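S.K.: The Zn(2+) 1 binding site feature in TrEMBL is assigned to A:507, A:510, A:547, A:550. Positions annotated as Zn(2+) 2 binding site by TrEMBL: A:516, A:519, A:534, A:537. Taken from TrEMBL, the feature domain 'Helicase ATP-binding' covers A:279-445. Positions annotated as domain 'Helicase C-terminal' by TrEMBL: A:542-710.
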DNA sequence: AGCACGCCGACT
DNA sequence: GTCGGCGTGCTC
């Protein structure tokens, strides 16, 4: 029996299965999807078994060294999903497997130097003392000394020492130690008498004699006011025993969930739920696009569909964008389905993620709520996959494997023959176009649940404000309304799509702009740390008072960030209580929740924030939403700029007036006539869709064309340009003449982390040998990628064009 | 990725 | 002559 193994060496040449002999002792336990340790060259590494076969075409095989799992970590379906990903995103099979599993399941390889038996006395003195503790020495401890390395190499040759590969599993189950009596209670009573000099020990035994149940060490210490050492003494006397019990790290341990029941549905909700239930009933794969305005109660539809799935004994996956994975969101699911829910988000530690994964793997939960990667949940009987806010770009992973969770969901939905529900108030153009074509089943909800009207939207032309002499960042209208809300004790939300204090710092004398020395980007000023920061490479420097170029004093801040707005607010509305929420104020664990809690408790009048306040917030007392600069994203070099602007404006506007009080929205813009702003102000998705589709048609972008972006980067500009140039000409010769090739051009961000970047774009409708051509390119440059710091990144269907 | 193998220049 | 520099190619 042999096993085909994908080894953990992410390179082009090793991106294929390797054959290994299965030793006798493993034959009965080995299955595809298990992790194994295999010899690879002189090393020992991790690998995944992808299949087990009778024999190999090769004559001599090495043997599998060890098996790391009792049950496969990847089931047959997920192995297939892995290979499918490999093909769809041009990634290595090993990367595909690893992205589907929690990081804790990736082993760590450590190299040790071991003294051979009987050769201890042959060690030279200078090194012998390093071996003092035991007979092995971690390789890393020698790495800083060149002489040592040379010496060890000699010793290796002389067979005095050998290198041992230590493979350690990172995964670690959390355990708690329980204490119970080791002997019967009668005997314990006798023993107590003998301990008349150890009062604390007697107390502990007395606790058990009086029928105290087994508890953890910590609880025992707590209850009896004793210490660990006292308990240990009794354990040593063999009167008590320690029992190690495995527990889950539960991030929601201390929270109580009030049980919620299904809410009565509105006519519209019931109407969209119907076909989803039918699809579950018929065990048929179908993709639904649920288009429901903000506040239309999409979540309740999801909950009731999941309920049906659970009653059928199946499982459900719910994806939500990372930023809306707030405790409130989790609460809704845990409230309805209790302990059957696992939650995945980036805030969990490695161990916590592993525990949540294990609950799914063991079948202890039936529902998973999580961000992008939760789409790989190892369920075996999926009944529904839901993607909320399906237009969100965070569903696309921006490093390898560059997959889109939506594609994975639909692929898995097909395997499991279950419905996939894509929900959004502002569906992506791609999805809506597919729904219109009948590829997806379109479902719409036009009314808000409590029949509140959509908020009134007021667009303010900031150019006009300037002409009127208002140079502040708040228009007259917005300021008046803010004052009005404070007077009425109602709350407002202010949205600005930019953190920090100001966008860039420029010298008014000579025009010098402070830029990052490693990236071709201007640095952003952060007031609190009084530093200039690069948002791409984290470069940081102190602010200078003089222009670094001409030493003029006229160095000024331009643009606006959340920090600056906060300061301005304090000036124009001195009494207002403002809460700021952005990456900088929510870094600490739980900070996010705290801010929202404070706002919900009416401890502030104004919530000021970036992206992260755009989603899911639902505060009844919010009646005003102000969008300070609606056009910040509009002029980015991205064909989705208008779409993203429309989506964001609509999402943010949706935060206002969700309950009894009518809401109002003020949009400040320098280009108020732009169709994305106009349609957003009228809450007109369909109008926007039509206008944007015309634009995409004219310019040849998705959904009319598929797009692939190739970015070439290298520390040397010429090299980067040359390679990109050659790639374009290769593609020109190999792709059909119906496809359009753009480039090579300098990337919109010409340099990041000292690497120059060139890119080209392929636009195509059908291109059957695109993937093979791209693989050919990567293969051709393999050597340069390996030895010459060349990078070629290929993104089939990119969401980031910079 | 890592590691061995192998072919050239600068030294005991 | 040999040590060690790095380019090349392989790993079941």
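Glycine is treated like the rest: Cβ placed from N, Cα and C.
Heads up, TrEMBL stuff is auto-annotated, nobody curated it.
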S.K.: Could you check what DSSP calls residue A:507 (Zn(2+) 1 binding site) once collapsed to helix, strand or coil?
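M.R.: SS state of residue A:507 (Zn(2+) 1 binding site) = strand.
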S.K.: Pick the one among the binding-site residues A:519, A:537, A:547 whose Cβ has the fewest other Cβ atoms within 10 Å in this structure.
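M.R.: Relative to the other binding-site residues in A:519, A:537, A:547, A:537 has the fewest Cβ atoms within 10 Å.
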S.K.: Quick check on the binding-site residues: of A:507, A:516, whose CB has the lowest count of neighbouring CB atoms inside 10 Å?
M.R.: A:507
S.K.: Cβ atoms within 10 Å, counted per site: which of A:510, A:534, A:550 has the most, among these binding-site residues?
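M.R.: Of A:510, A:534, A:550, the one with the most crowded Cβ is A:534.
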S.K.: For residue A:547 (Zn(2+) 1 binding site), which of the binding-site residues A:516, A:519, A:534, A:537 has the nearest Cα in space?
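M.R.: Of the binding-site residues A:516, A:519, A:534, A:537, A:516 has its Cα closest to that of residue A:547 (Zn(2+) 1 binding site).
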S.K.: Between C-alpha atoms, which of these binding-site residues comes nearest to residue A:550 (Zn(2+) 1 binding site): A:516, A:519, A:534, A:537?
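M.R.: The answer is A:516.
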S.K.: An 8 Å radius from the center of the A:507, A:510, A:547, A:550 Cβ atoms defines the neighbourhood of the Zn(2+) 1 site; name the other residues of that chain inside it, in order.
M.R.: A:508, A:509, A:511, A:512, A:548, A:549, A:551, A:552, A:554, A:555
S.K.: For residue A:534 (Zn(2+) 2 binding site), which DSSP three-state class applies?
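M.R.: For residue A:534 (Zn(2+) 2 binding site) - judged by DSSP and reduced to three states - the answer is coil.
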S.K.: Per DSSP, residue A:550 (Zn(2+) 1 binding site) is which: helix, strand or coil?
M.R.: coil
S.K.: Do me a favour and check the Cα-Cα span between residue A:507 (Zn(2+) 1 binding site) and residue A:534 (Zn(2+) 2 binding site); whole Å is fine.
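M.R.: Answer for this pair: 18 Å between alpha carbons.
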S.K.: Find the average pLDDT over the domain 'Helicase C-terminal' (A:542-710) in the predicted model and report it.
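M.R.: Averaged over the domain 'Helicase C-terminal' (A:542-710), the predicted model reaches a pLDDT of 87.
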S.K.: Cβ within 8 angstroms of the Cβ centroid of A:516, A:519, A:534, A:537: which residues besides those meet this for the Zn(2+) 2 site?
M.R.: A:517, A:518, A:521, A:523, A:535, A:536, A:538, A:539, A:752, A:753
S.K.: Please report how many Å separate the Cα atom of residue A:516 (Zn(2+) 2 binding site) from that of residue A:510 (Zn(2+) 1 binding site), as a whole number.
M.R.: 18
